[in-house]
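For 89, 181, the entry in Swiss-Prot reads active site, proton donor/acceptor, with the evidence type sequence analysis. Among the features that Swiss-Prot reports, active site, schiff-base intermediate with acetaldehyde is placed at 152, with the record citing sequence analysis.
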């Protein structure tokens, strides 16, 4: 298995500098990761630097709380795509899900899917650490109904990250035709292999190089 092609090489910290982003971009070129996942402010730089390379440009929408309005998320998506993003990882409205407002949650995802249609993959971050199993299932079902390409465990900025149990539940819920992304706390090759075995088709990590090189030291970042 070519683990590198399953990894979104990620840097999303608030204090990320241009030098940090360039390092991630160069590593993505060298190790041929699936994508670089960066904050929207870095999308144009990443798109320019990765032109001609088989590495997608992934960014985040409504991140990390998911509490911005649907209209804002749709605009963010269009803006990111205009600047060169080919994948977007959006955060659901977690509070609305917990309120049982399925209509709002689905519309929130649907509008981002429509904004990205034909131009970028949409991954929906459900923030599993804040949800009951019933809520995880419902979030996945609403994501599929709204037309998302992937469901994703975590932002890496909340109270917990990916677990093999959550990945298995999400895979069972969405079936074989929707992607499942494990993110948050995936730091070693062993972590990544566990997630893939449980059903993940993509892994988000900042420790991507350590994972590929099977460096047991891994990394300390949550993402």
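Cβ from N, Cα, C; glycine included.
Residue 89 (active site, proton donor/acceptor) is surrounded by 28 other CB atoms, counting those within 10 A of its CB over all protein chains shown. Rounded to a whole number, the C-alpha distance linking the residue listed as 'active site, schiff-base intermediate with acetaldehyde' with residue 89 (active site, proton donor/acceptor) is 8 angstrom. Residues within less than 8 Å, Cβ to Cβ, of residue 181 (active site, proton donor/acceptor) and separated from it by at least 6 positions along the same chain comprise 8, 89, 123, 150, 151, 152, 153, 200, 201, 202, 203, 204. Residue environment of the residue listed as 'active site, schiff-base intermediate with acetaldehyde' contains 29 other Cβ atoms, counted within 10 Å of its Cβ in all protein chains.
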